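Written below as structure tokens is the structure these notes are about.
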Amino acid sequence: MTEQLPLALFLMGPTASGKTELAIRLRQRYPVELISVDSALIYKGMDIGTAKPDEREQQLAPHRLIDILDPTEAYSAADFRRDALAAMNEIVAQGKIPLLVGGTMLYFKALLEGLSPLPAANAEIRQQIEQEALTKGWSVLHDELQEIDPVSAARIHPNDPQRLSRALEVYRISGKTLTELTETKGESLPFRVKQFAIAPKERAELHRRIELRFDKMMEAGFEQEMRALYTRKDLHPDLPSIRCVGYRQMWDYLDGNCTLDEAIYRGICATRQLAKRQITWLRSWDNLTWLDSENIEQSLETLSEAIASDRDSCV
């Protein structure tokens, strides 16, 4: 039955690896439609610091699932899977190929493998956890998570109360850890997926790209964009939107906790750390074809051949 399923392409990669450029070039050759797989690009008013595709790029290749939420709102992997599947089905109905582009690996994993059934939020238990945090501190609760679920504790920072609270809540409701429950796969993706990842061969080149992009963001007005968010008064640094790399560091600057130069340096370092995590995740990914950021033409040919060969096999 697999050959009857529609084709979908995944184009993954670390930040600043050239995913957007390659995706736009591919769309100019083939009937593909782009779906963003990025937990930062979903937010309106956060354009410069997320390196969101600009107006020209959006005209060349419109991206779905960009600018869909206000920065005050949360968005889960389950929300993404629902929205991405709906977009993929629309694209296939138009006789085109969904091309999913981004660097949020959790979203790709949720889409590909489905999501395990987690218990619904419990307001009473959540309130109890928050009260404990007020009296003991989040670091003590993180130590508790470390004892019951060291895998989740390694992924969740002590200063990330939303995710830390949820991990403890899940355990207290179900008696099972978040790690145990997420190992149970949900409904698989009803598509034939060809998966690609793009990155520079050398880490130093990726670091250079990250620093260059951050400098360009500052020149483009990232500080002004951040000030507009800061002065809204309905945002705070614990929101998922403001925890995005670059935004958290610039928020600290506006809060008076560091200088602008320190915020820029910390933002670049945080982006490098994000890229390292993305690459580590991709190296453990199955059925993945690697592409070279420094050879866009060859990468484009590899993607084109994958589409052409799939068409030939379906004839």
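Counting begins at 1 with the first residue displayed.
Positions of Cβ are set from backbone N, Cα and C atoms, glycine also.
Small disclaimer: the values here were computed from a predicted structure and weren't measured.
Per Swiss-Prot, ATP binding site is recorded for GLY13, PRO14, THR15, ALA16, SER17, GLY18, LYS19, THR20. Counting only residues at least six positions away in the same chain, the Cβ atoms of PRO53, GLU57, VAL101 sit under 8 Å from the Cβ of THR20 (ATP binding site).
The feature substrate binding site is assigned by Swiss-Prot to THR15, ALA16, SER17, GLY18, LYS19, THR20, with sequence analysis given as support. In the three-state DSSP classification, SER17 (ATP binding site) falls within coil. There are 26 other CB atoms within 10 A of the CB of SER17 (ATP binding site), with all protein chains counted.
Annotated region 'Interaction with substrate tRNA' per Swiss-Prot: 38-41 (among others), in sequence order. Long-range contacts of the region 'Interaction with substrate tRNA' (38-41) within the same chain: residues 49-50, 52, 63, 65-67, 75, 80, 102-104, 106-107, 240-241, 244, each at least 6 residues beyond the stretch ends and with a Cβ under 8 Å from a Cβ of the stretch.
The feature site 'Interaction with substrate tRNA' is assigned by Swiss-Prot to THR104 (among others). In three-state terms derived from DSSP, THR104 (site 'Interaction with substrate tRNA') belongs to neither a helical nor a strand segment and is classed as coil. Long-range neighbours of THR104 (site 'Interaction with substrate tRNA') (same chain, six or more residues apart, CB within less than 8 Å of its CB): VAL37, ASP38, SER39, PHE80.
In this structure, ARG126 (site 'Interaction with substrate tRNA') is part of a helix by DSSP. The Cβ of ARG126 (site 'Interaction with substrate tRNA') lies under 8 Å from the Cβ of SER165, GLU169, each of these being in the same chain and 6 or more residues away along the sequence. Residues or ranges marked as site 'Interaction with substrate tRNA' in Swiss-Prot: ARG126 (among others).
Same-chain residues lying 6+ beyond the ends of the region 'Interaction with substrate tRNA' (162-166) with a Cβ under 8 Å from its Cβ atoms: 74, 121, 126, 129-130, 133, 138, 141-142, 145, 156, 178, 238, 240. The region 'Interaction with substrate tRNA' annotation in Swiss-Prot covers 162-166 (among others).
Sequence-distant neighbours of the region 'Interaction with substrate tRNA' (243-248) (same chain, 6+ residues past either end, Cβ-Cβ under 8 Å): 15, 39-40, 43, 46, 49-50, 160, 214, 217, 222, 226, 229, 237, 267, 270-271, 274. As annotated by Swiss-Prot, region 'Interaction with substrate tRNA' applies to 243-248 (among others).
Across the region 'Interaction with substrate tRNA' (276-283), the DSSP tally of helix, strand and coil residues reads 8 helix, 0 strand, 0 coil. Residues annotated as region 'Interaction with substrate tRNA' in Swiss-Prot, with sequence analysis given as evidence: 276-283 (among others).
In the predicted model, the region 'Interaction with substrate tRNA' (243-248) has a mean pLDDT of 97. Shown are the binding-site residues GLY13, GLY18; the one with the most C-beta atoms within 10 angstroms of its own C-beta is GLY13. Applying an 8 A CB threshold to same-chain residues 6+ apart, the list for LYS19 (ATP binding site) reads LEU11, MET12, GLY13, VAL101, GLY102, GLY103, ILE198. In the structure as shown, the Cβ atom of PRO14 (ATP binding site) sits within 10 Å of 27 other Cβ atoms. Packing around ALA16 (ATP binding site) is summarised by its Cβ count: 25 other Cβ atoms lie within 10 angstroms of its Cβ, all protein chains included.
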